[in-house]
Amino acid sequence: MGKAAVEQRGVDDLVLMPKITEQDICANLEKRYFNDLIYTNIGPVLISVNPFRRIDALLTDECLHCYRGRYQHEQPPHVYALAEAAYRGVKSENINQCVIISGESGAGKTEASKLVMQYVAAVSGNSGGVDFVKHSNPLLEAFGNAKTLRNNNSSRFGKYFEIHFNRLGEPCGGRITNYLLEKSRVTFQTRGERSFHIFYQLLAGASDAEAQEMQLYAPENFNYLNQSACYTVDGIDDIKEFADTRNAINVMGMTAEEQRQVFHLVAGILHLGNVAFHDGGKGTAAVHDRTPFALKNALLFRVLNTGGAGAKKMSTYNVPQNVEQAASARDALAKTIYSRMFDWIVSKVNEALQKQGGSGDHNNNMIGVLDIFGFEIFEQNGFEQFCINYVNEKLQQYFIELTLKAEQEEYVNEGIQWTPIKYFNNKVVCELIEGKRPPGIFSLLDDICFTMHAQSDGMDGKFLQKCQGGFPSHLHFRGMNNAFSIKHYAGEVTYEAEGFCEKNKDTLFDDLIAVIQESENRLLVSWFPEDTKQLQKKRPTTAGFKLKTSCDALMEALSRCSPHYIRCIKPNDNKAYHDWDATRTKHQVQYLGLLENVRVRRAGFAYRAEFDRFLRRYKKLSPKTWGIWGEWSGAPKDGCQTLLNDLGLDTSQWQLGKSKVFIRYPETLFHLEECLDRKDYDCTLRIQKAWRHWKSRKHQLEQRKMAADLLKGKKERQRHSVNRKYEFDYINYDANYPLQDCVRSSGRDKEATAFTDQVLVLNRRGKPERRDLIVTNEAVYFAMRKKKSGQVVYNLKRRIPLGEIASLSLSTLQDNYVVIHHNQYDMVFENDKKTEIVTILMENYKMSGGRDLPVNFNDNITYKASNGAQRRLTFSKNESASAQPSIKKSRANIQIGIATGLPKETDSSPPNWTPSGGGGGYGGGRGGGGGGRGAAGGGRGGFGGGGGGGYSQPVAQAQPVAQVPQPVAAVPSAGRGGPGMGGPGAGRGGPGMGRGGPGMGGPGAGRGGPGMGGPGGPGRGGPGGPGAGRGGPGGPGAGRGGPGMGGPGGAGRGGPGAGRGGPGMGGPGAGRGGPGAGRGAAPAPAPAAPAKPQVKALYDYDAQTGDELTFKEGDTIIVHQKDPAGWWEGELNGKRGWVPANYVQDI
């Protein structure tokens, strides 16, 4: 990001700021806030500023998928980036993760938690369980959220939801744990606030029949709702929300009867609140309305038992309660029923989650997300705010312990060089509230509640006196009249003491439980399983005690996870978009400890791990720690040091402690992870490549077997084509985008390409023209290339759908002509890979149409030209046309003469062929059977077996007409055409298949290693047939073979090796290898050069490789060597190279 952009938009990560002060942090957050960049990082900690409106650009599916598989530094700050880091930790490292979201009420914590769930559901591939958590939100918000002065939809409970994952990283269920429900809100609300949403939803959304059945009225008529004089909320439609709640209840699988009973209990709580008491005399209470009331005795009297459980005689007394005690019992009953109802609803959600998760492979890994009410500071703060702020204080302590205190202590213990950072440790505040020795505020409060249980008046004052006496000089406590204040991490808060003791009692006596257990509402009875036979109850637990217990359980759950933090900031109290209250935000920056957090991040280390764990994860990045067997035998610390040194990381980026590796910068860790991803990716590619190679080779063998069965007994064969490897793509079609565009111009862009090469097509005048042939799974394409303004352009001349091909025709001789018969007009072309072309056409024809393609063999073939005229191809034997066919044209007839080839009965089936073979067979790898342009033992490649352990041996062949020495049998070899027994380097091989690859082979196999050569054959090898790529060199004539073990030197130079392979052990005359052992005996002197014949070019030809000649039609070329395989060595304008014999004619 440029300087101008930083000035306007701020930096993404506060660690990168040049100057670190609270003012600079606030200014950076403000810039980003007004640019709708609501997220900012402090290393791995995310700061989220509530925009009070939806920012669509941050919530699209495209935005979400930009973070998938990316590290945090690769994309702008976002909840998605943090969620991705948590998901990666679970999936890659099998470490439980948790996301702790903190901030004031209304700062956007719940929305942030929803985005975490949304992201995990989107990227994990199995979002059923996660979606269930999302669907539970309307239900849990209805029963657990309420309007407060700061937030219209404030969570009044803590929610810690876990998403469980199986070994594949897929969600397999989950669990929700609720903490600290603010049940006192059921019976009392501050003015301007509301009780839980469900009460108002039920009153507004119930049907007329339900309202009549449950005697529902306007909220003003219920004492539990009319205290705050707030019944509606701007932006909340209670009728619509009730419909959403009903739908969520159905999704969670609650029965209709369970739903009915739940809503009846909600209504019953409201009616219970309308029960009023008056003084009945002598300090006892009486029900104000004398209508029969089932709970009257339970509310007016408390049952006391004397004598104890072990006494011989026990007495029971009904002790009347005063008005305050009766009202307290009523409210305690209402709060308890509601609290247990909420717990039951959460349990139903968990049951639904478990059903979604199924009983599959659970790996016990999970991501937990904590969404809990934020720190609260109101004009009047009571017991509820005290409890909420205590929990937030504990969360802040947890944050400090992990990110500030523990980190610095670890550096000291590990002997890491470190500059200590000062910070405020709020442990002293936590001890003030929860301490036991000396007793903290909760302990003092419980003591007052136990000693003054029979009265309410004066309890709060007594409690306040005890606090003032217990903390007379505490730096974080200050007593006042009827109130006290605590200096929290978020600031000083004054709490009104009134109501503390009453709300802390939270007492429900056995007599009330016994009455409930007699209810006809079986659902309600199931929520109170207490054994009331033990009539002498122990001292009841208080709200404060339960709160501390729940908070300890929460801290324990978080401590088992690797934490991620989202620190939410509320920019204003008006809930307005683009409204920045500098004072409010600065205060939050202070109490969230962002300044200290930035300082620690800048001075500290972003990552640390035990030596064993670090080495286990990253050892494959160095051959010294990975090795052949993947094990490091030395000490783990030494292995880590070796690994980091081999990676070339500067020592300023990492340090080794006593038991751990410390990485200073996140970018360094990201670099390690990226290296690991690349390594895994490369390994995956190798495995895929090996598999595809095996499949491809197996497919080639099947095709060659098909071709052998098709041609055997029907057509004479060319020597070089018998064992030629099929390469399919001879013009590098995959990289030829202009040609691809040309093919797609027909409107078919999803066809799979099966074969590509250049062919010579006979036009309507019988003259050959070069075309690019492309065979796909659906059609055959012929394209013409020409130069235009120095650029090669393509023009699609014809597309023939495979289903419209009537038949194919070939002669019975060894020529390379193929005729495709079509109802419009036929296509006649020549190509030295005709067998491969016909095989592929037959295969794809049957796959597309389900029937066999007719193939005719005839030496008199009638075809229809593009102008509609009938033409005839007549084939006959002409032994003088051994180098290339002779062609004579008449008006409607073309006579083609060709020398005798291998007998029709020649079997070109792969050796040791079995239909299931291919794992290590014949002709695989680069430069397998006849790879490159080489014929058997001839110059550019010869016979060769496939790579990967294939066994190679040449096919027995009949003696050809041309006096070409036969190759010696190949032996098994490995790698890139390892040593093989090569025959004499006779000529330059016939047309072969592109680039020969590594393989086990004899002559011409792979990039042949040295091979044992036979006696040198005369002359330089003849050219291979036209085809792209280069085969690997083999035995005799392999590569430009180095000196080797050979027989006695033969005359002349051996044929060149296939492709441009490395040196091979050639016999005399093989490759360029010297004769004899070592460099062998001196070769025989070359005979006097005869007069060189000349030829005339019939067509233009562009060289395909560096050792070929480019020429134009009519050029005169001096011929130095003719090879019956079809390539002649010529010279033009002082440059020597190879020319295709069928492009020239003798002068």
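Placement of Cβ uses the backbone N, Cα and C atoms for every residue, glycine included.
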### Query
According to Swiss-Prot, which residue out of S127, S315, S633, S890 bears the annotation phosphoserine?
S315
### Summary
Surrounding the recorded ATP site, with Cβ no more than 8 Å from the Cβ centroid of G103, E104, S105, G106, A107, G108, K109, T110 and those residues left out, we find N50, N151, G374, C568, K570
#### Entry: Within the domain 'SH3' (1090-1147), residues counted as helix, strand or coil by DSSP
3 helix, 28 strand, 27 coil
### Query
By a simple count, how many Cβ atoms lie within 10 Å of the Cβ of G106 (ATP binding site), its own Cβ left out?
23
### Query
Far apart in sequence but close in space: which same-chain residues, 6 or more away, have a Cβ under 8 Å from S105 (ATP binding site)?
T148, R150, N151, S154, F373, G374, F375, E376, K570
### Task
Taking the Cβ of T110 (ATP binding site) as the centre, count every other Cβ atom within 10 Å, in any protein chain shown.
21
### Summary
DSSP tally for the region 'Actin-binding' (551-573), helix/strand/coil in that order, comes to 9 helix, 8 strand, 6 coil
### Task
Give me the non-local Cβ neighbours of E104 (ATP binding site): same chain, 6+ apart in sequence, Cβ-Cβ under 8 Å, ordered along the sequence.
R150, G374, F375, E376, A490, C568, I569, K570, Q588
